[in-house]
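Enquirer: Features from TrEMBL:
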- Thr43, Ser44, Val166: FAD binding site (BINDING)
- Tyr223, Arg278: D-dopa binding site (BINDING)
- 5-324: domain 'FAD dependent oxidoreductase' (DOMAIN)
- 1-19: signal peptide (SIGNAL)
Amino acid sequence: MAAPKVAVVGAGVIGLSTALCITETCPSCSVTVLSDQFSPNTTSDVAAGMLIPHTYPGTPIHVQKQWFKETFTYLFAISNSAEASEAGIHLVSGWQVFKNIPKEELPFWSDVVLGFRPMSEAELQKFPQHRFGQAFMTLKCDCPPYLLWLEKRLKATGVQMYTRKVADLWELHSEYNVVVNCAGIGAQQLVGDKKLFPVRGQVLKVHAPWVKNFIRDGDGLTYIYPGIHRVTLGGTREKESWSLSPDPGTTKDIFDRCCSLEPSLRGAQDIKVKVGLRPSRQSVRLQREILSQGGVKLPVVHNYGHGAGGFSMHRGTAKEAARLVGECIAALQGSSSRAKL
């Protein structure tokens, strides 16, 4: 058969990195990215981009660890390259602090990040409200530059990108051999996934260049993540809220909570408020499916539902999705060669 045509629906961090992995594992493919939004207007642009995994209750831990490890290894290599600044990736150390000692003193990812250890008594004195903490170094991804860096890599390999709202995956069956669904929260309508729900996140991006270390409350609600140019302050986790309008009361609450962890933030300047809807479900949906109508078949690979863990897992899940695309293409080539016999 001619070069297989693959459409990737969605241009957030999952869609772009999946498209990139497909071009790497299947160089003979013609890959097109279709999305109604590109950076800087995607959910991924709002994300803090810290590599600290969130646990998916419906996905085996060894699988999550593999995804995280692959993502960390990939971004660590970029952080050690001349492209680190353009891609917006850098190492950052800091603390995760707890008011009560957590059941899991060693999270599944503790040996993937660098230098993971319990905090000393002296370090804990910085956080008088907290009794226990973990210190480590991890990677921080400044999301808008990273998305633009991915787009640039894709264009260099000949990937086409079109602004297009896909209302039904089936509408692509006459143009493409395989469709990859990386639609994020849009998958709820696109494929009718009732297990997918938004978790609204509001964050502040502030100018506070003196803040060099990340601080994360163990409950995951309050965090201070220094980026290259701005510090991200968070956050909220509002299930089933679809509102993209910033809430001034929430802005004040986030700012006050972060200042209680890092009082010097009272001097932060130029506060910008961002809102995004995390595409959440019990487990990432990463699987093959065959759609068929009237004897015509369309192979689909789903890769969505990463919730708050998109950046921490993006490369690992993209590699798996690309492997599934390879299986779809092998099956198509097998059937087309059998048809010729």
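Even glycines carry a Cβ here, placed using N, Cα and C.
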Enquirer: Any idea what the Cα distance is from Tyr223 (D-dopa binding site) over to Val166 (FAD binding site), rounded to a whole Å?
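Expert: Computed Cα spacing between Tyr223 (D-dopa binding site) and Val166 (FAD binding site) is 35 Å.
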Enquirer: Between Thr43 (FAD binding site) and Arg278 (D-dopa binding site), how far is it from one CA atom to the other, in Å?
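Expert: Arg278 (D-dopa binding site) has its Cα 7 Å from the Cα of Thr43 (FAD binding site).
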Enquirer: Please work out which residue of Thr43, Ser44, Tyr223, Arg278 has the most C-beta neighbours within 10 angstroms of its C-beta, and give that one of the binding-site residues.
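Expert: Selected residue: Ser44.
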Enquirer: Distance check, please: Cα of Arg278 (D-dopa binding site) against Cα of Ser44 (FAD binding site), rounded to an integer number of angstrom.
Expert: 9
Enquirer: List the same-chain residues at least 6 positions away in sequence whose Cβ sits under 8 Å from the Cβ of Val166 (FAD binding site), in sequence order, or say none.
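Expert: Expected: Val9, Leu34, Asp36, Leu172, Ala183, Leu190.
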